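This is the structure, below, for whatever I ask next.
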Amino acid sequence: ILIAEILVHYNRVWIPDNEEVWQSAEITKNYRTGDHVLHLLLEDGTELNYPVDPAPLPPLRNPDILVGENDLTALSYLHEPAVLHNLKVRFVESKLIYTYSGIILVAMNPYKQLPIYGDAIIHAYSGQNMGDMDPHIFAVAEEAYKQMARNNRNQSVIVSGESGAGKTVSARYAMRYFATVSKSNSNAHVEDKVLASNPITEAVGNAKTTRNDNSSRFGKYTEISFDQRHQIIGANMRTYLLEKSRVVFQSENERNYHIFYQLCASALQPEFKHLKLGHAEEFNYTRMGGNTVIEGVDDRADMMETQKTLTLLGLKEDFQMDVFKILAAILHLGNVQMTAVGDEKSSVSLEDKHLNIFCELLDLDNDKVAQWLCHRKIITTSETVIKPMTKLQALNARDALAKKIYSHLFDFIVERINKALHFSGKQHTFIGVLDIYGFETFDVNSFEQFCINYANEKLQQQFNLHVFKLEQEEYMKEDIPWTLIDFYDNQPVIDLIEAKMGILELLDEECLLPQGTDENWLQKLYNNYINKNPFFQKPKMSNTSFIIQHFADEVEYKSEGFLEKNRDTVYEVLIEILRNSKFHLCANFFQDHPVPISPFRSTITVKSAKTVVKPPNKQFRTTVGSKFRSSLYLLMETLNATTPHYVRCIKPNDEKLPFEFNSKRVVQQLRACGVLETIRISAQSYPSRWTYIEFFSRYSILMTQHELSLSDKKKICKTVLQRLIQDPNQYQFGRTKIFFRAGQVAYLEKLRSDKLRQACIVIQKNVRSWHQRKEFLRIKQAAVTIQQYFRGQRAVRQAITATALKQAWAAIIIQKYCRGYIVRKLCQLIRVAAITIQAYVRGFLARKKFQKMLKEHKAVILQKYARAWLARRRFQNIRRFVLNIQLSYRVQRLQKKLEDQNKENHGLLERLTHLASTHGNDLDTIQKLELELEKLATQKRTSEEKGKKYKEDTEQVNLPPSNIKNVSTDKMDDLTKQLFTDVQQEERQRIILEKKFQNEKQDYEKEIESLKGEIKTLKEEKIKLQDQIQEEHIIQDDLKLEVGQLKKQAKMIPELQKEIELLQTQKMDVEKQVQSQKREMREKVSEVAKQFIESYDVEAVRSRLSIEDLEHLNEDGELWFAYEGLKKATRVLESQFQSQKENYEKEIEALNFKVEHLSQEIIHLQKLFREENDINDSIRLEVSRLTSENMMIPDFKQQISELQKQKMDLEQRLQEQAAKTKGKMEEMPNQVHHSLSEEGQRRTLEDQTEIHTKEEKQIVTIQEIQEVNNHLKEQHEIENEVKSKIKQEAFHLTLENMNLEEELDMKDRVIKKLQDQIKNLTKTIEKANETHVPAVPKEYIGMMEYRKEDEARIIKNLILDLKPRGVVVNMIPGLPAYILFMCVRYADYLNDGDMLKSFMSITTNGIKQVIKEHTEDFEILSFWLSNTYHFLNCLKQYSGEEEFMKQNTPRQKMNCLKHFDLSEYRQILSDLAIRIYHQFILVMENNIQPMIVPGMLEHESLQGISGMKPTGFRKRSSSIDDTDTYTMTSILQQLSYFYSTMCQNGLDTELLKQAVKQLFFLIGAVTLNSLFLRKDMCSCRKGMQIRCNISYLEEWLKEKNLQSSSAKETLEPLSQAAWLLQVKKITDDDAKEIYEHCTSLSAVQIVKILNSYTPIDDFEKRVSPSFVRKVQAMLNNREDIPQLMLDTKYLFQVTFPYTPSPHALEIIQIPSSFKLGFLTRV
């Protein structure tokens, strides 16, 4: 493109400026080749002639459409002012701190907390392509994580920048992102430990500087290790170049390391009192900067946080206290006072308080420490010399010791952190986060700045090679010829520093010399490099400095202190003292062979991508420079073996002001961090790259009609470009993209804007032309109208004369009389015709009225009879229903009485068993008495035998009789005593038996009374049954009466038919009369017309009028007027006749319709009569069956009466037996007393035998009583059987009665449907009449019988193996739930608690198992959510609780659970349903979430209104190809799939609405969150697209009838955001409207959208910062949460509404596909 084509009027350029670095100016005159000046107009309005002849042309400014881009490489003109301006617009106006620059993320420090780092932001960036979202540190971290997971390649995130630019915070956020997205499921909390290492390292390695309150004073590389599942398993940390000098020295307004101030702030805590610390102002090492406090920082709280993180890492309190001891010792060491003794010596007092504390804390010898702080030992070959030190030397030695201790402590803490983060498993990959200092240049630069800049040179070299490599890969991927690009190579500077005989080697060499000085080393540098190396210079005004030309800038270094800092030496004697300390931690610091810093470094294998120079000599490794160089080599090896990702932190101003932009400082840092170098490399090749689709969408306006007609868009793009850009070297066609050189996109944008401007001009031209022509035509028409009236007036004035006026007046008078005559004649004719018509019409109306009254009278009679018949029928149905209810109620009462009788019989049984037990006890006592009688009998026999022997002895021995008599009397006395005692015992036993018999008698009497009561109740029941039978007879009589009435009504049907025939004949007569009237009317009209014609004598009129009069009449048309009037009159009459005719026809049709209606009603009445006859027949059959069954009741009553008689017999027998036993028991004691008084020993023995016999008889009688009791029991059992039969029959009767009701309802429905079914029913009724046995259908009670061992099979077939698809269509919703509940009812029916508990537990476990196995299967989750919900509702509906039974049918109330309360299982099922619902929602969200952003934001629902802006490197380097084809249709199809599946599975409507509401909330939240993070989407046209997509969703809700689900309200924030993008944003009224309308958006969200608003075309305007401030000021009054992102994980509270099931359990059948044949319906 020629320069002259670009530097034209209205284009803008950048010119240098002293304050703002670059200033914008507009070209006021076209530039021509050879011009010496460029005419410009500055933004402040001043004109400027900018010289361009010797100087180069100024850089061009990009179009406004390209300003504020996410990626700097998307700019058409790539140069320093364009980059600076883009960053400024984004940072100051849009408040965006992140910007891409190719592969670099530029991060501006806002010096303000921003709400863009929450977990919601992390989840929003997780899984997204890098170019799809706004630039962010999380996007870089996600890209690194994604590439690691996909390519199994190690990654590095390199964060660099100046002090205060935000490096530490950026690195911390990157690590936090990795910890969040790769969270493992273990309990080790490795992620928390990795994040916890940051506060510790910041406490011991960060300090306040003049540039930053939390400046990292060391470099850090953290390797986060991942396993094969890409979850964090551990980490490792390497540190570089700790700034040890800060321990002993701080500049003004700076502080020492944070840990010292945290310790001092906690000095008063009990656990720190032994450290003997105080305020930070009391110690030399903490008060040098003059300010020990940082504004807004609480050192005490930070100390608690440090302790907390140390504990989290597993570092115990003992270890922490040891670390704090060493830190306190360093502070006390800094307060040790050195006293000068002369000029050459110094001393330390042994009574120095701080010296004693130092030695006490580190367990050292005071004397030795005091001595060697002021002396040093010099060892020579011959002797050892102790040399005193001056005060300055002693202070330096003290400070060197403090630095050495702190350095070792820092390394030790890092080592312990690495041990805490050590992992036992194998590392798969890692991501390294490098937080390292950026390029530094100060007024005074020393050894630290030299090392820092050396490291940055190495990193810059690695960065350049990587950028070069990526560019080459992109070109090869697109098949574009690769041409070498010239870029800055800083290898000569690196060689200057690290090569053989380089600066570092000369420094190490000078350090080895005992007399080496900084001056000698500097002189060597001068000798080796001045005038020999272009990158090394000597300052003109200094002999103690040298200058190195780094890649970023020239830096002047002061040589003073280089050797001392490189040596980092501490006197050996002091080291030995510390080595011998009894404080183990301190002693271990100074051992000869310390533990390696990284104990598991060997687990990480790094393969270098390029060869690296090794250190030249081992002896140099002891210096700081050599150590730093070797660690830098290792770092570069690691980085070369990984894929790097770059974050460059920029400090916008030195005053730490929020969102203030200092252009000079920013440019300085951009040059130093390599951003401009990246831009320069990109600008040399083809920086602007568009896909063919993007190019076609953006520039289709530049295409011709012929080009647009082509089908291949790629070919169209090539054709258009070849036509628009003549130079083919300015672009290249790749496989998927078009590559443009710098400035070409701006040129295309210019052509596009010119085309649009030209189109606007054409539109304006045509609109203005149309408007002017319309105005011209209006004026022309007005002029013509004025001319017309003027000319007419003039013609009238010329034509009017006196004779003309007279003639005209005479003609008018003649016309008046002539017209009056004609009109009078016509009026008379019309009057006659009207009178005639009225007469006929009135007659017709009178007849019509009469006919109508006659028909209405007949219709009233018909209605009277029909309504009476319908009323009787309705009354009979009601009476039948009431009788059925009464019958069922009486049967229930009878059943209840039978149950009461059964209970009483149970009581009698219990009494009889009690009597039996008492009789048994009596038998036992009688048996005992028999045994005692047997004993007495044996004693009697023995006494008789003894008496015989005694007689024999007396006979043999002749003793004196007196002696014998004495002996016998003694024996007899003994016998009588024994007998008397035995009789007394028997008497006692008799009394006891009498009492027992009396008790039994009383019991029997009570039983007899109860039996009498039962007999009475049975008699009453008998009477009631007889009454019921009489009532049934009455009902039968009523039915007979009804049948008779129906027969009478049937007889009336022929009469009605006759009436219909009469009506039809009357109809025919009426039609005939109407036709005859029509004929008469026609004849009369024709006669009137003839009379009129005849009466009107035309010839007479002609004779009266002269020829002139006739001519005048013909001229005026009066004759024609009269003729026309007559024709009109005839037409009026004809129209009236026609309307009357139509009215008559309509009335006739109405009469026909009424006749047909009456005939249909008669037919309907006949049908109803037939149906009523059929129903009466069936009712008659049922009544006969009931009466036949009722006839069984007298038999039952006879059996009951027989039982009563048996009871009476038993009572009499019991009374007789009781009387006999009582008499016998009364006689027994009298007989015994009588026998004792009359006779002696023999009589007593005989009485005893008699008593024995009587007792035997008594035993016989008792046995008889037992037999009677047994007989009573048998009779009672028979009675129970009879009663149970009665119960069964009564239950059977009730069931049959209910069946009758159901059958009647069914028959009514069938009658209304089809007549052929009525015929079938009549056939079945005839068959039933023949057999007289009504068919009783098999009745089910809604249970499933199963065996306990079949529970596992039920769960397996019904839950685990059931596949919803294919089965759901053919079954009722929730069928498995109903089957499960029917099984539960069976267990409840059996009253088996164990069985019920087992079944419920195995059911819930089965549902949990199937959900666990199919956690991602939406159909199964939906299916089992529905079934669990139905199962839960069944448990509620049939629980028996009143609140759940209100809507139950009577049959459902009968099916309630009887024995168990399952409320506990309801709670378990409710919890399970909630768990399934949450998983169900999660699966839906996971399925639809990938579609939301492409469908709602990226897809163009409205074709032709959206445009695409140029994209940068990040869009084209996206790690995943953007092949998603999701559209709004995809979302709607997915929603419809969800909806149809939920409906098929029978999910409750309320649950479905809650699920849809949750989905709509997710759609709105994800879309809105993505909108907040995508500046390129914040445009007016995108707002229209979003509004269109929302309308599609609302239409979907309306189509599915889900408007009441509150889903639409969840889209309100998104709807308001779309409105905010479209509304005007200029005036105060606009701001007020935004404030009032956007009520669902928070203030942060509104401001974010306004700041992110991006015009698509040049014709749109950006939102001015002043307007944003106005809106923000209005929004400050709101009290909302300052939260940017919506929580997409938020779940609305789910409620499970109770909806009773309408399905009856009795009708449910199991499909064969369920494989549940082993279940049987009960």
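Heads up, the Cβ atoms here are built off N, Cα and C, so glycines get one too.
The feature ATP binding site is assigned by TrEMBL to Gly161, Glu162, Ser163, Gly164, Ala165, Gly166, Lys167, Thr168. Sequence annotations record features per position, and here TrEMBL assigns coiled coil to 983-1091, 1134-1161, 1193-1220, 1283-1331. The annotation compositional bias 'Basic and acidic residues' is assigned in TrEMBL to 942-954, 1235-1244. Look at TrEMBL and you will find 67-753 tagged as domain 'Myosin motor'. Taken from TrEMBL, the feature domain 'Dilute' covers 1400-1677. TrEMBL lists 632-654 with the feature region 'Actin-binding'. Positions annotated as region 'Disordered' by TrEMBL: 942-968, 1221-1244.
Explain the structural surroundings of these features, please.
Its Cβ placed at the centre, Ser163 (ATP binding site) has 20 other Cβ atoms within 10 Å.
Mean pLDDT for the coiled coil (1193-1220) in the predicted structure: 60.
Under DSSP, residues within the region 'Actin-binding' (632-654) fall into helix, strand and coil as 9 helix, 8 strand, 6 coil.
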Just to verify: the residue among Gly164, Gly166 with the fewest other Cβ atoms within 10 Å, which of the binding-site residues is it?
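Counting other Cβ atoms within 10 Å of each of the binding-site residues Gly164, Gly166 gives the minimum at Gly164.
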Looking only at the compositional bias 'Basic and acidic residues' (942-954), how are its residues distributed among DSSP helix, strand and coil?
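Taking each residue of the compositional bias 'Basic and acidic residues' (942-954) in turn, the totals are 13 helix, 0 strand, 0 coil.
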10 Å Cβ neighbour count around Glu162 (ATP binding site)?
25
Using a 10 Å cut-off on Cβ-Cβ distances across all protein chains shown, tell me which of the binding-site residues (Gly161, Thr168) has the largest neighbour count.
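Result of the Cβ crowding comparison: Gly161.
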Compute the mean position of the Cβ atoms of Gly161, Glu162, Ser163, Gly164, Ala165, Gly166, Lys167, Thr168, which form the recorded ATP site, and then list in sequence order the other residues of that chain whose Cβ is within 8 Å of it.
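Once Gly161, Glu162, Ser163, Gly164, Ala165, Gly166, Lys167, Thr168 are set aside, the remaining close residues are Asn109, Arg211, Asn212, Ser215, Ser216, Gly438, Cys649, Lys651.
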Name the residues of the same chain, 6+ apart in sequence, whose Cβ is under 8 Å from the Cβ of Ala165 (ATP binding site)?
Ala107, Asn109, Asn212, Gly438, Cys649, Ile650, Lys651, Gln669
Return the residues near Lys167 (ATP binding site), defined as same-chain residues 6+ apart in sequence whose C-beta is under 8 angstroms from its C-beta, sorted by sequence, else 'none'.
Val159, Ser160, Gly161, Ser216, Asp435, Ile436, Tyr437, Gly438, Cys649
